[in-house]
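Pulled from TrEMBL, these are the features on record:
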- 324, 326, 329, 355: Zn(2+) binding site (BINDING)
- 12-387: domain 'tRNA-guanine(15) transglycosylase-like' (DOMAIN)
């Protein structure tokens, strides 16, 4: 793996290039990892993956814990790993134990032996050796070491213990590693700045190709997050990539980029799609206003998305977003998706996930452009400001 920072903007925000031998194209960062279930997006069929922007859509996040049910590790190993199993040879597979949908860390049951997770098979404890067996079988391009994540309300003592365990497991994972995949050292520390800084400094001393920043999105506010992010980023070398989990909302992504994060593992698109929402915020210019947004509270519109289950879209023959190049907007209307949602057709979620993925990848493209132009902070403030203005206008109209 090779990584190089190509541009900086407003201090820590940075754009770079990620190169991996298995992927024929370079990945520009900041970039989004698509959420998957067993290596494939939850609703998008494999034959429609080429319709997504490439190579931006080639980064796929998965949790090895997804494979506790179904095909055995031995069968995956005999096939040659996940890439040949799924037929996605040009995609980059990124393994992270945590998955905010079905593989959730359980800090109360985690102990010195291993990390505990709530999984589809129930609550399970994973030792570093168990985890490394999964990694060596699945052969991801990048993988994060096992970590003891704790929520924001954990005590000082529990935070300290989580850092000690994570560093111990990091050393065990590195020692037993027999794969060609790039290792991302896990950084934790909960809501304690000193523990975050200490963990980041220790992980930076290890022989890792990059860093996975865990423990976010577990109860902390955006205001509490800034000093924690700064403590971590200031302790990590600039020449290695940083992946974070738990930041999904557009405002949270912008907060992470401002702190110096390169890769984002987010379940935002999944949750939007499941709820029947479609992203609609402008991409070409943050100054541009979306003329078709409705203030009506029944529309489910908050300046970034609309609720296509709403009755007002029943006869709307326009695409979700005018001039959008995604498969959904090029071929279908709001009225059709509203119908599919109301009759509980799975096709509704397929079409919505395709649009939302295309749109959110476009958001990351706009972020990279703003960084290269040296205008990231202006981009960020305009985006947040336009959202606040919309919410204020909507409140006045109620």
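Positions of Cβ are set from backbone N, Cα and C atoms, glycine also.
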Which chain neighbours of the Zn(2+) site, leaving out 324, 326, 329, 355, have a Cβ atom within 8 Å of the mean position of the site's Cβ atoms?
319, 320, 321, 325, 327, 328, 330, 354, 358, 359
Under 8 Å by Cβ from residue 324 (Zn(2+) binding site), same chain, sequence gap 6 or more:
330, 355, 358, 359
Ranked by the number of other Cβ atoms within 10 Å of their own Cβ, which of the binding-site residues 326, 329, 355 ranks first?
355
